[in-house]
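J.: Input: one structure, supplied below.
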Amino acid sequence: MTRILRMSNRTSTARASRPVSAADIAVIAAFAALIIVLGAVSIPVGSAGVPIVLQNMGVLLAGMILGWRRGGLAVLLFLGVGFLGVPNMAGWTPALTSVSGPTVGYLVGYAVTGILVGLLCEFAPRRPQWLQVTWFIVAGALCVGVQYLSGSVGLMLRTDMDFGAALVSNGPFIPGDAAKVVVAALVSAAVLRAVPDLRRDRRSRVTDSAEAAGRPVTPVA
């Protein structure tokens with residue numbers, strides 16, 4: 001028992017003392033910028049005022065590739081810049097405009113799923129690659145479902161829809177979002193195969209376990 005507590009303390013200390021590097025800041029900023037750039041695509045659908053966008057795919061890419069910590073921070077940075085008045089949302093609208101409109105729930109969904117997809121994908125197998133891609137697709141689909149639920153709550157609060165009608169209104173987005181999930185999974189798996197160190201959460205988990213056990217740290221391939 002004492003040995004387990006000692007190992008836990010070592011792990012906690014290692015995590016607490018690990019600084020945020022310049023590389024971390026760079027990739028967080030880069031993925032926040034990617035999500036902003038994807039805001040150029042905004043296609044209005046239906047009467048609810050919710051457009052077809054690519055930014056939700058950017059959120060998935062950030063979490064899948066960077067992990068839940070840095071991916072979540074990239075999404076929060078994207079949202080924070082919008083709240084400062086920068087027109088970075090879909091169709092280049094400010095975040096404050098989106099918050100006061102029917103899309104507010106989807107923005108909340110972005111913040112949640114940027115972290116959630118990273119957590120789910122942290123446990124994805126690295127080989128064979130088809131299994132990793134399948135894992136990413138399932139995780140992405142679950143997170144899009146969370147975005148639909150969150151978005152439906154926002155629609156219910158901002159329009160005269162009840163929750164059931166708001167949820168059904170997401171129907172036209174399903175085919176496009178399914179395609180975006182598959183693309184995000186394929187791109188993420190390819191990027192991580194080419195640059196495995198981008199997935200720092202997995203690397204950190206292996207490093208922490210080795211440090212806690214007092215073993216030499218072997219880089220993750």
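Glycine too: its Cβ is placed from the backbone N, Cα and C atoms.
Automated prediction, rather than curation, is the source of TrEMBL annotations.
Small disclaimer: the values here were computed from a predicted structure and weren't measured.
Below are the features listed in TrEMBL for this protein:
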type	residues	note
TRANSMEM	21-42	transmembrane segment
TRANSMEM	48-66	transmembrane segment
TRANSMEM	73-92	transmembrane segment
TRANSMEM	104-121	transmembrane segment
TRANSMEM	133-158	transmembrane segment
TRANSMEM	178-195	transmembrane segment
J.: Pairs of Cβ atoms less than 8 Å apart decide it: which stretch in 21-42, 73-92, 133-158, 178-195 has the most with the transmembrane segment (104-121)?
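T.: Against the transmembrane segment (104-121), the leading stretch is 133-158.
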J.: Near the transmembrane segment (21-42), which same-chain residues lie under 8 Å Cβ to Cβ, leaving out any that are not at least 6 residues past its ends?
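T.: Residues 51-55, 57-59, 61-62, 65-66, 70-71, 73-75, 77-78, 81, 88-92, 198, 200.
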J.: Against which stretches of its own chain does the transmembrane segment (178-195) lie, if we need a Cβ under 8 Å and a gap of at least six residues from its ends?
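T.: Sequence-distant neighbours of the transmembrane segment (178-195): 54, 56-57, 60-61, 64-65, 121, 126, 129, 132-134, 136-137, 140-141, 144.
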